[in-house]
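As recorded in Swiss-Prot, the features of this protein are as follows:
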type	residues	note
BINDING	Asp19, Asp76, Asp78, Asp84	Ca(2+) 2 binding site
BINDING	Asp19, Asp26, Asp76, Asp78	Ca(2+) 1 binding site
BINDING	Asp78, Ser81, Asp84	Ca(2+) 3 binding site
COMPBIAS	274-289	compositional bias 'Polar residues'
COMPBIAS	290-318	compositional bias 'Low complexity'
COMPBIAS	319-328	compositional bias 'Gly residues'
DOMAIN	1-109	domain 'C2'
MOD_RES	Ser200	phosphoserine
MOD_RES	Ser293	phosphoserine
MOD_RES	Ser295	phosphoserine
MOD_RES	Ser304	phosphoserine
MOD_RES	Ser305	phosphoserine
MOD_RES	Thr317	phosphothreonine
MOD_RES	Ser323	phosphoserine
MOD_RES	Thr601	phosphothreonine
MOD_RES	Ser643	phosphoserine
MOD_RES	Ser659	phosphoserine
MOD_RES	Ser661	phosphoserine
MOD_RES	Ser662	phosphoserine
MOD_RES	Thr666	phosphothreonine
MOD_RES	Ser671	phosphoserine
MOD_RES	Ser869	phosphoserine
REGION	265-330	region 'Disordered'
REGION	636-668	region 'Disordered'
Amino acid sequence: MPGKLKVKIVAGRHLPVMDRASDLTDAFVEVKFGNTTFKTDVYLKSLNPQWNSEWFKFEVDDEDLQDEPLQITVLDHDTYSANDAIGKVYIDIDPLLYSEAATVISGWFPIYDTIHGIRGEINVVVKVDLFNDSNRFRQSSCGVKFFCTTSIPKCYRAVVIHGFVEELVVNEDPEYQWIDRIRTPRASNEARQRLISLMSGELQRKIGLKVLEMRGNAVVGYLQCFDLEGESGLVVRAIGTACTLDKLSSPAAFLPACSSPSRELKEIPFNEDPNPNTHSSGPSTPLKNQTYSFSPSKSYSRQSSSSDTDLSLTPKTGMGSGSAGKEGGPFKALLRQQTQSALEQREFPFLTLTAFPPGLLVHVGGVVSARSVKLLDRIHNPDEPETRDAWWAEIRQEIKSHAKALGCHAVVGYSESTSICEEVCILSASGTAAVLNPRFLQEGTVEGCLEQRIEENLPVGCGFCHIPYDELNMPFPAHLTYCYNCRKQKVPDVLFTTIDLPTDAVVVGKGCLIQARLCRLKKKAQAEANATAISNLLPFMEYEVHTQLMNKLKLKGMNALFGLRIQITVGETMLMGLASATGVYLAALPTPGGIQIAGKTPNDGSYEQHISHMQKRINDTIAKNKELYEITPPEVSEEMIGSPIPEPRQRSRLLRSQSESSDEVTELDLSHGKKDAFVLEIDDTDAMEDVHSLLTDAPPPSGFYSCNTEIMPGINNWTSEIQMFTSVRVVRLSSLNLTNQALNKNFNGLCENLLKSLYFKLRSMTPCCLCHVNFTVSLPEDELIQVTVTAVAITFDKNQALQTTKPHVEKSLQRASTDNEELLQFPLELCSDSLPPHPFPAAKEHLESANSNSGIPAAQRAVTVEKASAMGDGNFRNRSAPPCASPTVGVVKMTPLSFIPGAKITKYLGIINMFFIRETTSLREEGGVSGFLHAFIAEVFAMVRAHVAALGGNAVVSYIMKQCVFMENPSKNQAQCLINVSGDAVVFVRDSDLEVMSSQQPAANCQPSCTGEVTT
């Protein structure tokens, strides 16, 4: 057998009382893997049993080790009746299958029950012995590493970025099987959890096989999603970017061949952070200029990649030579030829990365998106999911064709999502069309002369802004000017992108969160009629969302959006759209014009006075925003910049060559043109409401900033004080006769009040910034709106001078104080710094109510996780430790960022991908919807932290709550919630601890810059 799994059950504690007569429990444990089950002895009359079982050994294939989870069930022994279930623990074995990962899983795991929540803890030790397997026909992919982070992980360098990998598996949903009518809710929930865990493991294994076929060893930007299609079935799908990664182990590796010798890198060569100041506080993301392009989905028949001649990656004749002038033409042609050779063999040249190694991105062409409305049908054969594959293939082919139309050969920042209601499913995909540097895509394909030309032809701070297409044959009408930085090539007047801001970008002032919110009512319908109505609404919703983004961007006095994420959610009676992005002012782009309001009835005196008043308010708002975000661009004469192009005659020529729909051209005409001001024409009530909504967005309170990217543009002086939080708000619409205007007002108020409540609760942390703000909107029931927000609050030093125009700054100040956290109105995060006397209170805003729901006090749970750590006890600074070892941290930190400010990640232990179901039949007794969700999310955090601590980790980075599906039945006092979370388990070391170690150890024995060879 290629693998032997060994499990030992040590002890349990804080078990619930199962025998009312004695107020004790007769507990035993069943250990199951695959079809084999072992049992421990019954430990009589104790709430803290000590089993100390023998080693249970499972001899299995490595394929099963990847697919199957280890199931540990704790039961109460009953002599005369069936044994009562206390709870279960699912342990993923995959992290033990990496050669450089953990060798043992050991710790206290919360015992989870889908009805009662956490019911005590169990101490388990798991080991795996793998045998060498040289079978060329094997179906396992052991050794392929998975990372949730959408950038090259710390401690690694990218040798080759192979490209896009995807897979999906389907099955019947146990919740909708006939047997569900006769089994208990607990059995149904556990069957669902078990099936999803199996499908998740199978999906990961299949993607790993594809990576091995591409000769890679890792998947970066791994995104797994669950499509709950009801009676149609259950779909688990995932996308990612296949890479070949090398572990950095020596200082010499910090100057790779793929980085410019003149570029000083404090971190890893292809790390997201070439900036020494932000090496732990921000990833590097060379971004390219983007012109926003919404495109409603069209229907394509599935074809093989070899037959897609119309979607070839070869740009149109002349495309790519105009903007570079006489010098850039031959260079761009050579670059495209080299890059195309590396990509032409790939069916979909997509990357799920949003942050990139320095020099990978050459140009960005625009945001490309596609949507399609489908009718769900029952999955007849789970082993052959051709229908769903064909759906996604159509979407990807359309994205590919849009990128080609923009003169680009790749799509970066690519993501996919679905929205399902009854029988209708909306498939959505979006990304950023880009031109990539070929040396990252294939080994040995780029000659040295081309590498030199690439570095010479990319101006620092503005190269990504230059248009990749021919200015005389543009794919859409646009207003171009010469770059305000290098003054050699053309840039657009506005830039939209789905990726993060590059560290070398020259930004004026600070950034801010910009959101566009939209609701549209629709009639109730069934099947095809419903799908048709949704299809007809989608283009208009996309147009209005785009218009809102443009208006709000200009109202802020900014000219670029990064991290754009658009959601279209479908319900029974409405459609909702939510777009989030981070607005910035790029110095390379022209100063945005103002907003001018024009009315339809100029003879009406009172109406003109009203218009004039609104115009004054808008002008005042723009001036205040420029002052608030410190936007003071340097003045540049018009003679140095050049006149805008194209001229009207050239524009008519490009319109004739335009192959896209006339609707898209009209949409872009509204946002581009040779006018100093952006004109808003008020011709009806809806237009008036749009203008009012622009003015009702209140700025954040003094000392607060917010963004949906990892790093707030314009701020570099981060401290080590972070607080992650999740907030879920469910609102039931009261009125049955809502109009679109009233619905929009309610939705805007819901989102604004949610942000205001966060600012209020975090008021003692000022000055701080809410980073990686992730809004998710769903319509679980008719007239029910659910908004979920995940973000992290990071403090910064307001006394340190901000350096916004240089990508490389001095080392940022680091602070490990927890004083502000003690002053919080409520505990936000169950995490602490390395100071044992001052632990953080409880886990997030959610562990506060976990005391009465989980059976374990929050204080005890904090101690539980601390003792579960496999790294020992005590203060790291006061004990002797080997160089570059990981510190002892009392509680596992959680953050949606790919880094931890003021610290270095030394080791990745594996991916955490967990799915939980919680159901209750006593909703009111548990505090209603708020109390139920509050306790459940707290329990999810506790279980995630326990699994990370058992692996020997002390943090979860790139954390994301991908799904939070809530359903309630108030009349029956019932509720159910499904949550899917994922992230990367890591070991990190504080920079202050590294300094202590470097002072105690000889320089030859400890390399702080390597931070990370921990041998196991």
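Placement of Cβ uses the backbone N, Cα and C atoms for every residue, glycine included.
Bear in mind that the values here come from a model prediction, so they are computed numbers and not experimental data.
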Among Asp19, Asp76, which are binding-site residues, the residue with the most C-beta atoms within 10 angstroms of its C-beta: Asp76
When you rank Asp19, Asp76, Ser81, Asp84, Ser200 by Cα distance to Asp26 (Ca(2+) 1 binding site), which of the recorded positions ends up on top as the closest? Asp76
Taking the binding-site residues one at a time (Asp26, Asp78, Asp84), which has its Cβ surrounded by the most other Cβ atoms within 10 Å? Asp26
Fill in the CA-CA distance, Ser81 (Ca(2+) 3 binding site) to Asp19 (Ca(2+) 2 binding site), as an integer in Å. 13
As a test of the contact definition, list every same-chain residue at least 6 positions from Ser200 (phosphoserine) whose Cβ is closer than 8 Å to its Cβ. Gln224, Val236, Asn913, Phe915
Mapped onto three states, the DSSP assignment of Asp26 (Ca(2+) 1 binding site) reads coil
Applying a 10 Å Cβ distance cut-off over all chains shown, what neighbour count does Ser81 (Ca(2+) 3 binding site) have? 6
Quick check on the domain 'C2' (1-109): DSSP residue counts for helix, strand, coil, in that order please. 10 helix, 52 strand, 47 coil
For Ca(2+) 1, what surrounds Asp19, Asp26, Asp76, Asp78 with a Cβ no more than 8 Å from their Cβ centroid? Met18, Thr25, Ala27, His77, Asn83, Asp84
Quick one: what's DSSP say for Ser200 (phosphoserine), helix, strand or coil? helix
